[in-house]
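Here's what TrEMBL has on this protein:
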- Asp51, Arg109, Asp301: FAD binding site (BINDING)
- 9-172: domain 'FAD-binding' (DOMAIN)
- 295-329: domain 'FAD-binding' (DOMAIN)
Amino acid sequence: MATKAQQHIAIIGGGPGGLMLALVLQKKGIRSTIYEREISDQNAKRGGSLDIHEDSGQLALREVGLLEQFQAIARYSGQDLRLFDKHGKIHIDNVADDNAPGDRPEIDRGKLCELLLNALEPGCIRYGYKLVEALPLDEGKHELRFDNGHTDIVDLVVGADGAFSRVRPLLTDAVAEYTGISRVDLSIDSTAHPELAAFNSRGSMFALGDNKSISGQLNGDGRIRVGLSFRADRDWLDHCGVAFDQPGEAKQQLLTYFDDWAESLKSYIRCADGAIMTRRIYTLPIGLRWDTQPGVTLIGDAAHLAPPAGDGVNLAMRDAMELALSIVQHKGDLVKAIETYERKMFAYSSGSAQMSYESFNLMLSDDAVTKVKNLLEKFLEGADSSE
Ligand SMILES: Cc1cc2nc3c(=O)[nH]c(=O)nc-3n(C[C@H](O)[C@H](O)[C@H](O)COP(=O)(O)OP(=O)(O)OC[C@H]3O[C@@H](n4cnc5c(N)ncnc54)[C@H](O)[C@@H]3O)c2cc1C
């Protein structure tokens with residue numbers, strides 16, 4: 001068995017999970033290499049603000065000594081939360097208490113990843129390396145083949161490569177399935193629209209009705225990220241006829257889907273500027289497990305992709321911490337380290353994936369406002385009583 005000093009650990013993917021794994025290992029004196037398909041860091045472009053939980057994401061940040069830096073830039077006011085029906089009537093107006101910081105402050109994805117990247121030793125991440133396949137060899141080793149022609153033989157390959165992981169097929173036949181929900185993402189300069197900014201709050205708002213939703217989330221750069229969600233066939237975004245590449249025309253077409261919604265809510269489409277993005281929401285089977293294999297494992301979305309409901313990045317960072325600490329604890333025995341990590345990860349991630357799946361579906365269900373209101377009130381009561 002290779003000793004700890006000799007082991008070559010490859011992490012596929014430089015998202016929050018991969019970066020955190022390399023950083024915890026680095027703090028423990030273990031070298032690893034991240035292989036990222038993009039030619040430079042693209043995390044800032046991949047979505048908006050993320051809430052980082054005290055009992056998962058923040059634990060990992062504490063482990064790598066970055067909790068104080070995180071707290072200095074995190075937006076505690078971003079925990080404001082508003083729920084509307086399609087007529088613009090407000091059903092929940094939760095204002096974060098500035099004197100009693102909550103346990104789920106917000107940070108922009110780009111800022112979080114910048115924090116991790118700045119703490120990593122130079123040269124630990126290789127950009128422009130897209131994994132094409134990983135082939136099992138003897139004694140748990142794997143040969144990695146990249147699209148730039150590079151190959152490498154490693155003692156441990158960790159798939160931190162997200163929803164469509166190229167490492168996952170080594171462990172399971174499960175693939176990410178379309179949930180039946182598609183999203184259109186727009187963005188608004190809140191400083192140019194003070195009325196809308198006040199309506200939105202300092203955090204997030206959701207307006208629900210007719211199995212659709214409009215959501216708005218204020219980001220650290222002053223822009224409101226807007227999401228329009230629809231129940232739709234997998235191909236709907238391609239054949240719905242909305243000219244997504246011509247924002248002016250697309251906005252007019254998108255407004256027709258919300259014809260009888262309140263003007264205050266339609267402003268989220270009217271005031272949008274810049275490019276319009278589309279995405280389909282995917283999930284892995286809830287409670288996915290596999291038999292431990294030598295020399296390979298998964299973290300984050302590659303392991304337990306679920307619809308976005310506020311847990312994904314937290315789980316990815318917790319996975320990273322648990323795996324790294326297990327490698328340290330089991331010294332050179334990588335099989336034992338993987339087995340211990342996976343057993344623990346399966347237990348905490350399956351409950352969270354189930355909750356994400358249920359709450360996400362509730363948002364686009366019949367009488368969604370009443371159901372989501374009940375759920376949020378329980379959640380907010382729980383948050384109050386735990387302080
Ligand atoms: C709209 C939206 C909103 C969300 N909001 C929240 C939220 O508020 N809170 C929260 O906790 N979570 C949220 N999530 C979920 C969260 O974004 C993910 O769970 C999280 O990013 C997972 O991190 P990861 O590192 O596992 O994977 P990713 O962030 O997907 O990173 C994977 C990395 O792997 C790279 N990669 C992929 N394939 C290859 C390959 N073949 N070779 C090399 N590199 C590769 C990619 O380029 C990427 O850098 C949201 C998700 C969406 C879609």
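Numbering starts at 1 and runs along the chain as it is shown here.
Backbone N, Cα and C atoms are what each Cβ position is placed from, and that goes for glycine too.
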Tally of residues which DSSP labels helix, strand or coil - the domain 'FAD-binding' (295-329): 22 helix, 3 strand, 10 coil
Cβ contacts under 8 Å made by the domain 'FAD-binding' (295-329) with residues that lie 6+ beyond its boundaries: 9, 13, 15-18, 20-21, 23-25, 28, 30, 50-53, 56-57, 59-61, 63, 104, 109, 112, 134, 136, 139-142, 154-163, 165, 167-168, 170-171, 176, 179, 181, 281-284, 286, 288, 337-338, 340-342, 344-345, 348-350, 352-353, 355-357, 359-361
Sparsest-packed of the listed binding-site residues (Asp51, Arg109, Asp301) - C-beta count within 10 angstroms: Arg109
Taking residues Asp51, Arg109, Asp301, which bind FAD in the record, the widest Cα spacing (Å, whole number): 16
Model confidence over the domain 'FAD-binding' (295-329) (mean pLDDT, whole number): 95
Where Asp51 (FAD binding site) falls in three-state DSSP terms: strand
